[in-house]
Amino acid sequence: MSRFPAVAGRAPRRQEEGERSRDLQEERLSAVCIADREEKGCTSQEGGTTPTFPIQKQRKKIIQAVRDNSFLIVTGNTGSGKTTQLPKYLYEAGFSQHGMIGVTQPRKVAAISVAQRVAEEMKCTLGSKVGYQVRFDDCSSKETAIKYMTDGCLLKHILGDPNLTKFSVIILDEAHERTLTTDILFGLLKKLFQEKSPNRKEHLKVVVMSATMELAKLSAFFGNCPIFDIPGRLYPVREKFCNLIGPRDRENTAYIQAIVKVTMDIHLNEMAGDILVFLTGQFEIEKSCELLFQMAESVDYDYDVQDTTLDGLLILPCYGSMTTDQQRRIFLPPPPGIRKCVISTNISATSLTIDGIRYVVDGGFVKQLNHNPRLGLDILEVVPISKSEALQRSGRAGRTSSGKCFRIYSKDFWNQCMPDHVIPEIKRTSLTSVVLTLKCLAIHDVIRFPYLDPPNERLILEALKQLYQCDAIDRSGHVTRLGLSMVEFPLPPHLTCAVIKAASLDCEDLLLPIAAMLSVENVFIRPVDPEYQKEAEQRHRELAAKAGGFNDFATLAVIFEQCKSSGAPASWCQKHWIHWRCLFSAFRVEAQLRELIRKLKQQSDFPKETFEGPKHEVLRRCLCAGYFKNVARRSVGRTFCTMDGRGSPVHIHPSSALHEQETKLEWIIFHEVLVTTKVYARIVCPIRYEWVRDLLPKLHEFNAHDLSSVARREVREDARRRWTNKENVKQLKDGISKDVLKKMQRRNDDKSISDARARFLERKQQRTQDHSDTRKETG
C-alpha cells in the first residue's frame, strides 16, 4: 500500500519513541491545527472562529447588491472568502427566512470540505443549520439553512421542483470551471426568470461566483446584470519558466523526473514555506511521491539545505479517490521544522485552499474529458492547461505572503499550446444525460436552448441518437415512459438501460453490483513499487479467475460480493489491493439503485419478460441491451473493429482478463475506451452475434431532424434540405445503408467468418512466398 503521507529527513529519527503510528501522528497534527485556528481566528456573529478575508470589507455592499438584483456576478481571487463567507452573510441578513441558501460546487470533495468549514465557523453540527448534499450522501435536515451541494444535485432538485420553491438564493460557485452541469444550470435559471412562472418565488436570487472568467459575456447572458468585484489581497508571485517542456512536447507527459527535481531544488535552496505541485492523476502523483521521498531521504540537513531551520519534508498526495480523512491531512500544518509538500491534481487549483503555500510547481497538464468524433465516445485525455488555469495555480503561492511559481514548460509552450480560457465541457463532451434531463423538463427543442456557449450541433445530434437507441425518446424526439424512468438513475443512459432490462427479467441482482462498480472510480490499486506491483497483479488475476477468467464485468461482481460478505471488508480490500473507499461508495450506489428498481417494478405497466438459460448468459444478454453501441468484432490478429458505422480499430486493454486471449474471441462488448499509444477497450466480455443482430440496425436507422424536435414552421425549407442532404452524405460515408446491413448480417454467420479467415491466411501465405521468391531471384 502507499506509504504516504510520510516525512523524509532527520526529524523522524529524533523521536525517542521511534516510528509512531500514523493515527498518533495525525492526532498531533490535528491538535496543532486547532490551536493555530484558535490563536489566529476572530469571533463571528455565530460565536465561531473565522479568519479575516477581503470580502469582509465589502459585507454590507454585497448584501445590498444581492437584494437589489435577480442576478449578480461576484468575482474575486481564490481565497477572498466568496465560498465560505457570502452564504453566512446572506443567512445573517435574513435571506434564509424564505428558503434555503443553496451553494453549488463542481466537485464532491469541495462541497463536503467547505460545508464542514462553515459549520465549524458557525458553531453548529454539520447537517443542522449548515449541510451538504452530494451523490449518495445527503447530510442535511429540515433545519438546514445553508446547503452546499454538487451542481448535479441541484439539477436533480430542478427535475422535482422546476421553480426551486425550497430556495431563496442559488449561488453557482466556481463558474469559471465551466462544467457541463453548471452551463446547463445557467440556461435553466435564465429560462426560469424569462418565463415568469406563476409558481416561481419573486424573491429568488441567483449569484454566480467566479475567480477568472469572461465576465462581460456572462453578464450579457444574464441581461447585463451587475458585476461585484472583491478586491484581492494576493501577494506578488515571481514566475519562472523552467524550459523543460516545449511546444514539440505537447503530447509528452513523461516529465515526472523533471518535476521531482524542481521540487527538490526548492526544498534545498529556498527558505521555509510549503510547496504545492500540480500533476494530472493518481499514478503520476504516487510515482512522484515515491521518487521525492527517495531523494529527500538522502539529504544531509547540516550541509545540503540552505534554510537551517528545516529538518525534513512531509510529502502528502491529494487526488479524488482518497478518503475524506486522507484529504483532510493536507490542511493540517506540519510539525515545527518540517516543510510540507502537497502533490495534487487540479482540485487544489480552485476548489481547495491550503494555507502556508509559498511555492508552486506547475506541470502544465490536466486530465480532461473530450469527445472523440472518430470513436463516437468520450475519452479521458491529458492536455495542456489554459492560461487562466495557469494563473489560478500560480496564485496559490501568493495567498499568505510573497511566493514563487516554477513552470515546468517554456514561454513558447505558453504562447503556442495553451488556450486563453478553459474550453467549456459542453463543447467537448457527450451531452446524452443532460439532453435527457432537458427532455424530461419538457424542453423539447434542445438545439435552441439558451446556452452560454452553444455546443456543436453534432454533439446534440449524437446525444439524441444515443437516447433513441436506448428507447429513451421516440422517433419524434419526445421523451418516452422509459426515458422518464431512466432520468431518475444516477447512471449513464446505456447502463441504466441494461439495469432495467435485467429488472424486466427479474434478475437485477446480477446487474446491480456491476452497475454500482462501474459508477465509481477504478477499484483496482496498481502500486508503483515493482515488488508490490507483482503482488497486486497476482491478487487481481485470482479475482478474475473466480469470475471464470473470461468476463471483466463478472469480475467486478465477484469483487463486490466477496468484499460485502467478508467480516472485515476494509481488510479484505487491503489484502486484494482494492480501493476500500470505492467499494464503500459502490455499496451505497447499489442500495440506491435497488430502491429505484423496487419502485419501478411496482408500476402496473412495468414490462416482465422470461428467459431460460444459465446466469452468465442472462448477464451478458442484459449488458447487450445497453452496450450494443460498444460492440466490436475481431478483424485481423488481436484487433477488433467497432460496429457503430465508424469501423474504428480497438485493442483489449492489458488490464483485462481477456488480454492475450483475443484469438479465442469473435464478438465483444466493452464499457469504455482509453487512448494512449493505441485505442484500448476496457472492461470487456465476449458475446454472440445473434444477441445483438436485431439491435445493431438501431445504430443507423434514425432521422436527426425528427429527433431534434425543432419547430418545423420556424425552419426554412432550404435549411431542412441542407440538413437532410448532410445526413444522407454522412450515411453514405459511414456505409450504413440497409443493403450494407443485410450484407453485414450475411457475413457474420460462422461459415462466412471461417471462410474469410481462410482467405486472409491464404493471401498472407502467398505474399510471404512471393517475397521469398523475389529475394532468391535478387540473390
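Glycine is treated like the rest: Cβ placed from N, Cα and C.
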Which range, 157-160, 173-176, 469-472, does Swiss-Prot list as motif 'DEAH box'?
173-176
Three-state secondary structure, which DSSP defines for Asn77 (ATP binding site):
coil
State which of the following binding-site residues has the fewest other Cβ atoms within 10 Å around its Cβ: Asn77, Thr78.
Asn77
Counting by DSSP, what is the helix, strand and coil composition of the motif 'DEAH box' (173-176)?
2 helix, 0 strand, 2 coil
May I ask you to report the DSSP-based helix, strand or coil state of Thr83 (ATP binding site)?
helix
